Amino acid sequence: MNQYKNFIMQFEDIVGNNNVLIDEPMKKHTSFKVGGPADLLITPTTLEQVKDSIILCRNNSIPYYIIGNGSNLLVRDGGIRGVVIKFLKLGDIKVEGDRVIAQSGAPLTNICNEALKSNLGGLEFACGIPGSVGGAVTMNAGAYNGEISQVIESAKVIDKDGNVFLLNKEQLDLGYRMSAIQKYHYIVLEVTFKLHNSEYDTIKNRIMDLNRRRTEKQPLEYPSAGSTFKRPEGHFAAKLIEDTGLKGESIGGAQVSEKHSGFIINKGGATAGDILNLIEFVQNKVMEKFQVDLHTEVRIIGEENN
């Protein structure tokens, strides 16, 4: 039974009737296209609504989970007990001189396009990353020798008590797929990037080149969460997996991509259980062969099926 239905009216008072969904299948909200139902899923349209929703959850001991595009997320088949707060409608972007300021739910691609229109370079590496900016900052997302830490100036965040404050670049403590936001369980509300002036064609050509390389090397035609594993120190996850003979390995509808071994894909009809079992299988086989521990880059949440 959904024990949080008693709070529906209170969430509707905060975010509006049309922005509260009950027993919502999470496969609709993740790039893996898997995942059981969330008890409640709400989509605030203002930062104040985010704050009020978090305070309501805190005051009533309701578990809550923040998601953006769901592009680096695997939700287990039993779904999520509590409230999912989706930042989909918090996507405002503005340009002020050489700075781009974006709300947490803004897709990285949209931010890159706004920077391009203003002849601002530095974010080209991020243009093909499918996530939203909040998640990208939280994990210091990167690709093709670029990462968020190189271009971020500050982030406005909220803590579990509803306090809103600004963190500068140093305070964000960004490392390889990590940040102070993860460490202290902050939630990103808004991000400021400091970019540099460049030529429109130079930026555009760089974006097109990186997108071409992505299309050639990554299985973009299948649902996935991007790179499944973090890069182990001194190794490349995809090479370890390939050298273990696991390219194309399948469990149910989940497969180690034949195009790029670092990606586990939903080949069709996969469950979250299939994907999790394949992740564990890959980790065990790589450990047996190379004594290297592969850690997942994808965020895994939710309950197992009963």
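Cβ atoms are placed via backbone N, Cα and C, with glycine included.
As recorded in Swiss-Prot:
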ACT_SITE  R177  active site
ACT_SITE  S227  active site, proton donor
ACT_SITE  E297  active site
DOMAIN    34-198  domain 'FAD-binding PCMH-type'
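Counting Cβ atoms from all protein chains shown, R177 (active site) has 18 others lying within 10 Å of its own Cβ.
In the predicted model, the domain 'FAD-binding PCMH-type' (34-198) has a mean pLDDT of 97. Geometry remark: the residue listed as 'active site, proton donor' versus E297 (active site), CA distance 7 Å. Between the C-alpha atoms of R177 (active site) and E297 (active site), the distance comes to 8 Å. Counting every protein chain shown, the Cβ of E297 (active site) has 18 other Cβ atoms within 10 Å.
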